[in-house]
Each structure stands twice: as structure tokens, then as C-alpha cells.
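Scroll down for the structure; my scribbles are underneath it.
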Amino acid sequence: MAIFLAGWTAYVTPTLQQVFGLSSTDPWRVVLNVFPGAIMLGVGYGVLRLEGIRARGVGFSWPHARSGTVWFAGIIIVLNVLLLLVAVVTGGQLSWSYSDLTPILIIVYALINWVFVGIAEELVARAYLQTKLIALLGGGQSRFRKALAIVVAAVLFALWHVPQRLLVAGLDVSQLPVNLLLLLVAGLVFGVLYETTRNVIFVGLLHGAYNFAPIVANVRYASEGSADIQFLLLLAVAGPVAIGVWGYYRWAHDHRTSDFRPPVAG
């Protein structure tokens, strides 16, 4: 599927750009990413159904979407407020993010990156693949085996991006190791987030936000900010995410205990 999606983006998407009259610099070309994203969502959901796994059982349902969206929105609101406060207190210069995009395009970019990239990839890589590996390795009863399954899933997640990096991004083979290492770290982070929340919508939105950050304003300084300022900015971003994930974990364990049943290999 990775090769198919990379091939689609590399060869079919340019053809569609010509059909719809979109240049390579036209921001509306992002709409074409809906097609591979929809295919990924369809394949992920279809495989779950073929194996007799209920979508609700892996955190892919309307109740999960409602709770995941609410918690995600809360994180983003707090994050932006804290960033603005840090900027004002430390004398940072503020400018609107994505000033080169219209409001409609910002919404389109967000929806495509959050739904057709973030949620789609998490449905396949975490909700299905990682859950399957945990079940096969008996990770429901062993923390070590669960950790091993998360690592294996993260490695496969990184390798899954190789065709895209070569065919679409145009990376040289020599550039792959560093890129794959970053993808491996991202896969581990999202894998842990998914096992913590068991809500693929919530984690998918966080994944999408990593690709297209919902930050209202950019913060700049006349001279390079001090280490203390950089730490405050990092804390303003990472703090709400960490606390939000922990808060969802606590809430879900009280209100959605069935989400955390150990997966069983089928």
C-alpha cells in the first residue's frame, strides 16, 4: 500500500493537477491529497471489518470522534493562549501564521492534514497494525511485549514512508537514514500516545497537527531568544499536549474502561 500511495502521489497527482488546471505552486493542489487519504481510510477500515474487529474497539467511532475532538480543541486553545502570553511577557514580535493562505484554504489544509493524513495513517499504523502486533506478541499481559510491539510498529511505520520519501520528496538514498530516524521517533511517540488513550481520532488529530500546526501566531525576536525564552516557548507547546493526553487518559479510564481491554489475536 505504501508503494501504491507513493506512486499515486508521484504519478497520478500530477496528472490530476493538469486535469483540474492546478499549477505546481497552486495552494489548492493540496485537495488532491484527499484521494490517497480516502483510500488509506477505506483500506484500514476494510481490513478491520475483514478480521471481525469492531471500529469502536480500536477507538474509531463517533463517540471517540466527539471526545477526541473536544480534548484536541482544548489542547490547541490552551497552547495558543500560553504561546501568546509568553510572547507578550518576553517582548516577542507577533505575526499571523499562514498569512499567505486565505481563511478557507487554512481550513482546507487543516482538514486534509488532520483527517486524510493524520487520522488515516493512525488508523492503519496504530489502530490496526500496532494493535495486531500487541495481540500476536501477547502484549496484553506483558509490558515488555507491548513495548516491543510498539517499537516494531514504529519501525514499520518509518519504512512505510520510504517510497514516499524517494518518489515524492525526492530524497537521495544517503538522506534516508536521518529521515527514517525522525520517523521512527515520531512513530514511537504516536504509538505510546495511542496506547495511552486508545482513541485513534484523538491521536490522529495530534498527528495531523504535527504536519499542519494549528498555531495562530508566529513569535519572533529582534535577536535570537535566550535559552530561557526558548524553553518557555517549548513548554507552552509541549505542556498542554502532555497534560491533555494525561487528562484524556484519566477521563477515559473512568468513562470508557472497555477501550483498554487487552487486544486478542484473531
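The backbone N, Cα and C atoms fix where each Cβ goes, and this holds for glycine too.
Where the annotation comes from TrEMBL, it is an automatic prediction and has not been curated.
Per TrEMBL, domain 'CAAX prenyl protease 2/Lysostaphin resistance protein A-like' is recorded for 105-212. The transmembrane segment feature in TrEMBL is assigned to 27-48, 69-89, 101-124, 144-162, 174-193, 200-217, 229-249.
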Please check if the transmembrane segment (101-124) comes into contact with the transmembrane segment (229-249), where contact means 3 or more CB pairs closer than 8 Å and the residues in each pair are separated by 6 or more positions. no
Highest-contact recorded stretch vs the transmembrane segment (229-249), from 27-48, 69-89, 144-162, 174-193, 200-217, CB pairs under 8 Å: 69-89
Residue counts in helix (H, G, I), strand (E, B) and coil for the domain 'CAAX prenyl protease 2/Lysostaphin resistance protein A-like' (105-212), per DSSP? 93 helix, 0 strand, 15 coil
Taking residues 6+ outside the transmembrane segment (27-48), which of them lie with a CB under 8 Å of any CB in it? 1, 4-5, 8-9, 12-13, 16-17, 20, 54-55, 58, 60, 100-101, 105, 108-109, 112, 115-117, 119-121, 123-124, 127-128
I need to check the long-range neighbours of the transmembrane segment (69-89): which residues 6 or more away from its ends have a CB within less than 8 Å of a CB in the stretch? 201-202, 205-206, 209, 214-217, 219, 229, 232-233, 235-237, 239-241, 244, 247-248, 251
